[in-house]
Structures are given as structure tokens and as C-alpha cells.
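Copied from TrEMBL, the annotated features are:
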type	residues	note
BINDING	Cys132, Cys135, His136	heme c binding site
SIGNAL	1-18	signal peptide
Amino acid sequence: MRRTLLIAALLTATPLLAHDGVKDPQVMARMDGMAAIGAATKTLGDMAKGQTPLHQAKARMARDTIVTQAGKISTLFEPEASDPKSEALPNIWTDWADFTAKGEALKAAAKGLDFTDQAALAASMRTLGGSCAACHKVYRK
Ligand code: HEC
């Protein structure tokens, strides 16, 4: 029961209407994956900043979401799909090995999240945030 509520809470945190007007289903799917990563990162960031209490089960679920979604990046981005609303840059597909390595780095950073206490979470979140920035800086508009 408690677990179901947590799942419901995480799903609600995903902005389902954020992609209005996206027509290409593949672009939609990869945006949804990133949006789930974004929502989970926000959950963890709020705990790291002390805006919400560090809740072990919620933190672990958010971590698992990031690990799972990071593992899907290479599959979701493999087709060179485009959409006027997409923020993906074309060098993703010319520098594919580097792009997917950055996806793996995200996964490793998520696996390395430390929930011991707020300080440990905040420190490990910096590595996680660095992995988002490393990819967005090069491959996102
Ligand atoms: C391997 C590269 C890569 C990594 C790592 C990565 N992203 Fe992204 N992200 C992208 C790309 C590319 C887009 C644009 C996708 C598009 O618009 O087609 C994007 C888009 C997004 C979006 C917008 C989704 C939407 O609603 O359109 C969010 C939010 C986001 N990323 C959050 C994150 C967060 C938070 C992290 C780290 C925890 C992260 N991303 C790590 C490549 C990455």
C-alpha cells in the first residue's frame, strides 16, 4: 500500500503535459524519459537541500528511476528522430559513442548516490548534476 502511494506520488511528479505539440512518437518517448529523470532529480534535490525530509524509500525510488531511464538513453535516442519542439542537437548522431558514454556516466552517478544523510546526498548530487550538465552542454539546445 505504502509502496503504491509512493509510485503514485512519483508518477504525479512527472509533468505529463509538458510535451504539448510534439508529433514524433520517438521524440516524445525520449522527452518522457528525460522528464522522468528530471522529476526524480528534483525529488532528490529537494531532499539534498533540506526542503523535504530525507526519505530513504522515496530517495531510492528516485534513484532507481534515474538508473532505469539512463539505461534507456541509447535505445531511445538511437533513431535520428526530429520534431520542431525537440531540443536535441544533431551531433548526438555524429558523436554517438561520446553521447552514449555520457548516458553511462549518468547511470554510474545515479548508482553512486549516497543516502546516508543530507550532506552525503548533497555531495553525491553534485556528481549527478555534473553528469546532466556534461551532456546538455554539448547535445541539447
Ligand atoms: C547522455 C545525454 C544526457 C544526459 C546524461 C542527460 N540528459 Fe537530459 N536531455 C538530453 C537531451 C539530448 C535532451 C533533449 C531531448 C529532445 O528534446 O529531443 C534532454 C532533455 C532533458 C529535459 C527536457 C525534457 C522535456 O520535457 O522535453 C530534462 C528535464 C532533462 N533533460 C533533465 C535531465 C537531468 C535532470 C539529467 C541528469 C540527472 C539529464 N537530463 C541528463 C540529454 C541528456
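Placed from the backbone N, Cα and C atoms, the Cβ positions cover glycine too.
Unlike curated records, TrEMBL annotations are generated automatically.
Sequence-ordered, the extra residues of this chain that approach the heme c site, with Cβ no more than 8 Å from the Cβ center of Cys132, Cys135, His136, are Lys102, Leu106, Ser131, Ala133, Ala134, Lys137, Tyr139, Arg140. With a 10 A radius on its CB, Cys132 (heme c binding site) counts 19 other CB atoms from all the protein chains. In sequence order, Phe99, Lys102, Gly103, Leu106 are the residues of the chain that are 6 or more apart from Cys135 (heme c binding site) and have a CB within less than 8 Å of its CB.
Neighbour count (other Cβ atoms within 10 Å of the Cβ, all protein chains): 14 for His136 (heme c binding site).
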